[in-house]
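Structure first, then comments.
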Amino acid sequence: MRTNLPITTTERLLEDGKSIVSKTDLQGNITYVNPYFVEISGFDEEELIGAPQNIVRHPEMPREAFADMWATLKEGLPWNGLVKNRCKNGDYYWVQANVTPVRENGRAVGYMSVRTRPTRDQVQAADSAYRAFVGGQARGLRIRRGAVARTGFIGWLQGLRDLPLAKRLGWMMGVLTLMFILGGAVAGSAVQTAGGSPYAVWLGTLGGAALLLGSWAVLHASIVAPLQRAIKSVHGLAGGDLDLHIDTDARGDMGLLLQALQQLNVNLRAIIGDVRRNVESMTISTGEIASGNMDLSSRTESQASALEETASSVEQFAATVRQNADSAANADRQAQSASSIAQRGSHSVQRMGKTMEEIDAASHKIVDIIGLIDGISFQTNILALNAAVEAARAGEQGRGFAVVASEVRTLAQRSAAAAKDIKGLIDDSRAKVESGNQLVRETAQAMGDLGGAVENMAVTMAEITVASNEQSGGIEQLNQAVNAIDETTQQNAALVEQAAAAAENLRDQSIKLSQAMSVFKISYSGPRSPASASANTATRQKENTLALAQ
């Protein structure tokens, strides 16, 4: 016997209205557990599926309880009793275990165990009795079909109550027939002793015995046989075999009972069939929903990722637009500054033009003065010549005057030469001044054009600045909208993931429901005949039934 350790003294109580359900194969390996089994036992479903059922066996459970369970199951009967189970962490819980063979084509193919919460009185009584068995103090006691019973003669008498009705009637009719025959024999002997003929008594006795046997046959045919069929049918239904056909040829109350069982079987068959088909359809639908949700979740995540990248790109674009707006504003300021400088330059060129005109006017005056000087030099030279002529005429007295006249003449010539040079320079300066005036006029025109262009550029840059600011505001709104869409998409992605998880959970639940419904066997080819429905007990007793933990 498997011993599971460690154990604690902490009890877990089952909730009212909830049941622990499991199924095993004939070797006692778990093939199905419901969620409440997982919750109470503390084991994961993966740990339970494929494991022997005695994985939850508590070491304080007596061997006799399991021996009685196997003996009952080998008879093809359900077993009902209290069981103490062990949790994964060593805690324990009490259950009212109902173990039933699961049948298919009249043969047991596994076992189903349904456990419910027992009362505290039941737990205390079972705990006391089981401790006595484990401690070797259960002398005179045994466990029969899940209940504690006495051994010995008293136990034998109590066991008579468990005899099938057929055996009870057989014993009763046998005893009555024997008593009737003995009474007839005694009466016949008494008649013969009195000198009479005992044959009439013996014939009456035989007739009475035959009547008793006939009554037994009638009772067997009308009550016992239909009741046995009803019991077999109920056992088949309890084992989930809905392919049974129940003969309803009996009369009276037993006929009504068999008809009710047949109607129950038909109703269960129809309901379970509809439920199974709906569960199969729901499993397919939930699988498609789960697959669709997973695909939607993947696409939503991709969309969220793309939106996140778009939001990042829009943010970068917004930063670039803001930078461009700042650059445009700076360029606008520089354009305005350049326009101001161009205006000042234009004013300076205009003033320089006026200055050049004034220089040109002054040059004209200088030329006039030079002409005057040149005329004076010419006249002085003439006068000097005249003076020289007069000095020559005067002779020695005019020699000094001649020297002065010569010097004056030389000075006049030099003045004339200097005036000529100055006039040449003035003419050259006037030409250059005229050229400068032309350049100043051209520069003034260029500066005016430049000022207009700079002013136009300043206006354009101002418009660009306004447009950039408006574009920056639009990009900011777009960025906010994209961020809002991204946030909504993230929320949608979370909701889609939740929906996918819910659909997956629903599919798992539908699969578990389908597994739970698989305990009912429906062939969809019509109910089996009574012969196949009543497979012999000897075959069931030879089946290999190993440990089934409660």
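Placement of Cβ uses the backbone N, Cα and C atoms for every residue, glycine included.
Residues or ranges marked as domain 'PAS' in TrEMBL: 11-50.
Per-residue pLDDT, averaged along the domain 'HAMP' (221-273), amounts to 76 for this model. Marked as domain 'HAMP' by TrEMBL: 221-273.
Positions annotated as region 'Disordered' by TrEMBL: 325-352 (among others). Under DSSP, residues within the region 'Disordered' (325-352) fall into helix, strand and coil as 28 helix, 0 strand, 0 coil.
Counting same-chain residues at least six beyond the ends of the compositional bias 'Polar residues' (325-349), those with a Cβ under 8 angstroms from any Cβ of the stretch are 440, 443-444, 447-448, 450-451, 454-455, 457-458, 461-462, 464-465, 468-469, 471-472. Feature annotation from TrEMBL assigns compositional bias 'Polar residues' to 325-349.
Listed by sequence, the residues of this chain that lie at least six past the ends of the coiled coil (478-516) yet keep a Cβ under 8 A from its Cβ atoms are 21, 23, 32, 34-35, 276, 279-280, 282-283, 286-287, 289-290, 293-294, 296-297, 300-301, 303-304, 307-308, 310-311, 314-315, 318. The coiled coil annotation in TrEMBL covers 478-516.
According to TrEMBL, the region 'Disordered' annotation covers 528-550 (among others).
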